[in-house]
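Peer 1: The structure under discussion is supplied below as structure tokens; questions concerning it will follow.
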């Protein structure tokens, strides 16, 4: 019986780990190096600033949008002027973020900011015109306007991509497929925008007892979505946590927040928190497993440290994990091949710099295409501006004492080193994933609450389904639920920080700030655009009537520009190879936005205004225009650059999976608010399942942005998750729902810390001899076991032995520079093959190379890296670790840092999203538009305070969880997750802000009347029009 139970437990654990995408990836050595430097140089005050600033753009954009006064939908098209202005702004914003996403995640795309702006304008204006034509044709508002215009939006998007980057993509198949993968991700994410509103529709209609159980669907939706996009994120492995979390988690957190707002029982909040705690516990468990493996590999090192006089605690400390990895990779480059370690990220963390131009580059042109040579020259110059320099592991400073170096080299053979390095890299990757999840679950409920309250104070609140019939007291009550949930998530985040730091002495708080700062653009793209997008589903004017009666039809483009611009800008940032400029992006955005807006208008004319589920109806148009933009602008480039094409495909897949969350979570919330308080806590157990599925859906498509993967995943998936958790907190009527959500977070945090502990233990095992030698040198056991030198070890090992890169399959550098694109290294003549017979290809290849060079970064020169390891520590590493052990050691450290970054981003997201949601809700409540928001329409001040209180309590608990995570991780590995967090927030600022702004923009639309998100499917305004 016992054996059978063990077998079942083993299979269950294996199944759990299979679907937890945060455990399927690792840091590159370059990202570890950047994170280590960021952690060492960044103060806590800067971390706090990075956290605070990460939510401001999202709140400013969404609340500012609510200041545009809307007219009642009963006035029809005659009163729709301000609605279409608002829609146009959002379309431009989302279009820009989409193209910028392509540009950032696929640095090869030959794009510029000017190009992205032009593309955005085309996309936004085209979609906006489409919205108007639909309104003229069907009626205003157009039923499910978002869905109706989605094909137009995608058409204009693809047209922009085809026109601007088509030639480049045809010539670069790899870039083409990257673009395809990116588009698949975006498509999956976009689909969430339809799934969640449907969920919310049912949630608010079921009894309180049923609501608790119905929340169990939320984690299932998230898990499915994550796993759907995960295969398409392989080319952005370092960016995968941010890409997944700030897409999937934003949707998830948003609709959880909505559920909290709608929940009539505290059991729903308790169940949501329980699921969060369970997930946190499982995640900490997995981290512990990794840490234990690392400690096992460090057994000899620990023993030698103790012999040198260090205490047992000092000898087992994992604070030096990054230094160990850097030292081993530098010392033994073969480790990269042994453990499949990536030496570098695809990008540098500060964006584009310049690639060195090797001598005598001559593109090979296909025969018969000589005429393309001039275009190739121009494009080549353009592309090189995006790319970055190579990461030179030989220049890394790991700061390991010589004795420590000798111990590492003596105690670990080549395979052990490779395994050690891989485990550390995996650990850091996992921690980043988890901290991003925790962070998203904190901030989205907060942002949602602030937005809801602010909207309630504005005239537009009467058009939001959440606010229409809510008085002040009811609003306070519902937002109180959300804030309670946000507070609990904050506690979970603090606990996660405490445990992770205690376990590995690497601070998840620093990892979180690292992602928020270094991937700022991508994070903000996701936060702003998805919130913008989602919020439309609660507005009358978007016609989201889930009763499908469309009563207004029988009765009687600002957002598009914004979202279009952000979409193209996302492409531009994540695919720096795309031949794009700001002008091009603006044109693409205008085409996308106006086309989708026209589609929305036509739906309003045809069906009625507001169009039932406008966001869903317009989604096909939006996607069509998006793809058309891509095909027109980048088509030739993608056909010529296969890698960039697939980068774009992967990015689109990720965005699609995340977009789908905007539809999944509202559906969840619909049922959540309708079930009894008894069932709400249990229903919240679905939220982590949805999140896990979403993460695993996008994770495979983030491989090309491995170093950006934590930010990419967390600031997509976790933003949604945290936002809808905040919504659930606002709706929940029982504290049990908040308690359950926090319990689930704690469980997830515990499991994550366990996995980190396993990696740390494995690293400590490999460091046993090193630890012993440290103790012989007079260090205490605590000092001997400290892992604070892990980054220095990695840098030293990789710099000393470049073979480690091959031995452990370590990535030396990221794909991008952390602050933007730089220049391509131009290679030898034979590197650019052009078929014979087409002389024009030569000009295209050359111009494409020039275009890319303006955005790519310089190569990461490992030989120039300073590791600052004492000579004795260097000798110890080299003496105690053979080549295989060094490779394993470096890989383990990089994995550890990658994991910590993931986890701290999760924790951070779970803190900020509830806060942002609460601020947005409160600000909207104060504006006239609050009457058009379903969360604020019939809510008085006292009710708003009560509901926002729920959200803020949850955010507070998540903050505590983040702080605990920081403490535990730092205590464990002496590497600050807070610095990792600030590193991401600062160095990936554009990407982070893209996600925060776009996803929040997107999500919030589901609660505005004008977007026709009627989950009762009665669409009364259509019936009224028909009767008149």
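Cβ coordinates come from backbone N, Cα and C, glycine included.
Keep in mind that this is a model prediction, so the values were computed, not measured.
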Peer 1: Which residue range, 369-390, 391-412, 611-632, 677-698, is the one TrEMBL calls transmembrane segment?
Peer 2: 611-632
Peer 1: Looking at 522-539, 702-719, 720-737, I want to know which stretch TrEMBL calls transmembrane segment.
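Peer 2: It is 522-539 that TrEMBL annotates as transmembrane segment.
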Peer 1: According to TrEMBL, which stretch among 644-665, 754-775, 776-797 corresponds to the feature transmembrane segment?
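Peer 2: That would be 644-665, the stretch labelled transmembrane segment in TrEMBL.
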Peer 1: Transmembrane segment per TrEMBL: which of the ranges 931-950, 951-970 is that?
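Peer 2: Feature transmembrane segment in TrEMBL: residues 951-970.
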Peer 1: Looking at 175-196, 197-218, which stretch does TrEMBL describe as transmembrane segment?
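Peer 2: From TrEMBL, the annotated transmembrane segment range turns out to be 175-196.
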Peer 1: Between 44-65, 175-196, 522-539, 611-632, 991-1008, who has the most Cβ pairs under 8 Å to the transmembrane segment (433-458)?
Peer 2: 44-65
Peer 1: Apart from its near flanks, which chain residues at least 6 from the ends of the transmembrane segment (522-539) lie with a Cβ under 8 angstroms of it?
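Peer 2: Residues 54-55, 57-58, 61-62, 65, 70, 90, 93-94, 97-98, 100-101, 104-105, 145-146, 189-190, 193, 196-197, 200, 239, 242-243, 246-247, 250-251, 254-255, 258, 447, 451, 463-466, 515-516, 559, 562-563, 566-567, 569-570, 573-574, 610, 613-616, 658-659, 661-663, 665-666, 708, 711-712, 715-716, 719-720, 723, 916, 920, 932-935, 984-985, 988-1013 contact the transmembrane segment (522-539) from elsewhere in the chain.
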Peer 1: Quickly jot the same-chain residues contacting the transmembrane segment (991-1008) by Cβ under 8 Å, restricted to those at least six beyond its ends, or write none.
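Peer 2: Contacts of the transmembrane segment (991-1008) (Cβ under 8 Å, skipping residues fewer than 6 from its ends): 54-55, 57-58, 61-62, 65, 70, 90, 93-94, 97-98, 100-101, 104-105, 146, 193, 196-197, 200, 239, 242, 246-247, 250-251, 254-255, 258, 444, 447, 451, 460, 463-467, 515-517, 519-542, 544, 559, 562-563, 566-567, 569-570, 573-574, 615, 658-659, 662, 665-666, 708, 711-712, 715-716, 719-720, 723-724, 916, 920, 929, 932-935, 984-985.
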